[in-house]
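To start, the structure under review is shown below, and the notes come after it.
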Ligand SMILES: Cc1cc2nc3c(=O)[nH]c(=O)nc-3n(C[C@H](O)[C@H](O)[C@H](O)COP(=O)(O)OP(=O)(O)OC[C@H]3O[C@@H](n4cnc5c(N)ncnc54)[C@H](O)[C@@H]3O)c2cc1C
Ligand code: FES
């Protein structure tokens, strides 16, 4: 198990304990923890609705794929620390990382 | 006023197939979609991706499935209002409905079938102060008619394929084109990126990289944008138009205001016939929810068949429906 910290749009912080050996990505972890991440495309770097910013631990994450960078380029609020959570495979290097949810939490009604 | 039996809101795969199921029962359909093309998520998000779980089609590209659906429903002559969003629905005394779109198109129908998927695809908007106040007054998120920009000063924002493509296209139309992009690279189609850099080198366009638009000004009509560079210096650029191009994202939109029972942005339905809490209104495909719901094209197709059989009683209240295979009578066009 590793620990990561997640800030929702309102800035509320939660520490999550997540398994690093189950082949899950961060988007799946966020959904499993009841965050309203739309993830329209199911993790194919094609919708941008799983956008997060990495507040700590950016250097420990794998490189962006072209598809991920391409998608990030189309988002109005992406910064240099932006990632698509569906493209971040959970592994032990992610221990201690801090993520901020950026995608619109569209499930308002 | 358009008159039809069933007004289908959303022309994704499920809305399209509903035309077929309705057509077999001699019910006519009119479809409305906010996008300029049919196909919903398939055409908008993943046209070139192969799909593997359509029965009888071991592998089919999303756009190919949409094209096949269009062919399959053609005998039933569906009519379309594309590029229009359904804003309101109004019940009439005789229980029929009038559906009104953003362009004020009115559709008179006996049944409404909502096949709205994840909601209306709408442009993603950058966080720029006053942006919405200038919509239609210089700020636009779509290039519908390029002639609008002839001999004008325009600023585009974004770094994806559509920002690149429109920059190239409009460089031959507008008086001046400025492209503002947050980073200094473009990951989209390499050809387009190269062309944009070339246009900048030859002075045909202004390319403002590592920058963001932070504010816009005008007096009833947009007249300048303020651009902040990575070193935080801000430059004002006079412009007639600002076109932010950051892709589309689905939003539930007006559907939330029609008195339907909504659960987490989806419409609750009765699984007997996918009817909603309002008589005469059905919801099928990704937009509905019920215990065990799977957001699959396959499931939406099934829902459309049951919906059509139930809708029959609203369209032909005095007739009894007898169930027939297509192999018995074929597909009788109208
Ligand atoms: C990348 C990706 C891969 C996928 N792969 C598969 C797969 O392999 N197999 C599978 O079965 N499914 C797959 N899906 C899911 C599948 O695409 C959806 O289940 C399907 O598109 C749902 O169809 P629909 O017709 O219900 O809605 P949509 O395709 O979402 O279409 C709904 C339409 O309604 C319009 N609309 C909504 N509200 C309004 C309004 N008020 N006025 C006007 N228009 C409105 C929208 O603009 C939209 O065009 C995938 C989805 C994605 C994103
Ligand atoms: S889930 Fe669609 S981009 Fe990550």
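Each residue's number is its place along the chain shown, starting with 1.
Here the Cβ of each residue, glycine as well, is placed from N, Cα and C on the backbone.
Bear in mind that TrEMBL entries carry predicted annotations, made automatically and left uncurated.
Taken from TrEMBL, the feature FAD binding site applies to B:33, B:41, B:46, B:86, B:121, B:286, B:327. Sequence annotations record features per position, and here TrEMBL assigns domain 'FAD/NAD(P)-binding' to B:5-291.
The binding-site residues B:46, B:121 differ in how many other CB atoms lie within 10 Å of their CB, and the one with the most is B:121.
Listed binding-site residues: B:41, B:46, B:86, B:286. Those with a CB under 8 Å from a CB in chain A, in sequence order: B:41, B:46.
Classification of residue B:33 (FAD binding site) by DSSP places it within a strand. Neighbour counts were taken at the CB atom with a 10 A radius for the binding-site residues B:33, B:41, B:327; the maximum falls on B:33. For residue B:86 (FAD binding site), the number of other Cβ atoms no farther than 10 Å from its own Cβ, over all displayed protein chains, is 26.
The 6 Å Cβ screen around ligand 1 retains B:46, B:121 from the binding-site residues B:46, B:121, B:327, ordered by sequence position.
Secondary structure at residue B:46 (FAD binding site), taken from DSSP and collapsed to helix, strand or coil, is coil. DSSP assigns residue B:327 (FAD binding site) to a helix in the three-state reduction.
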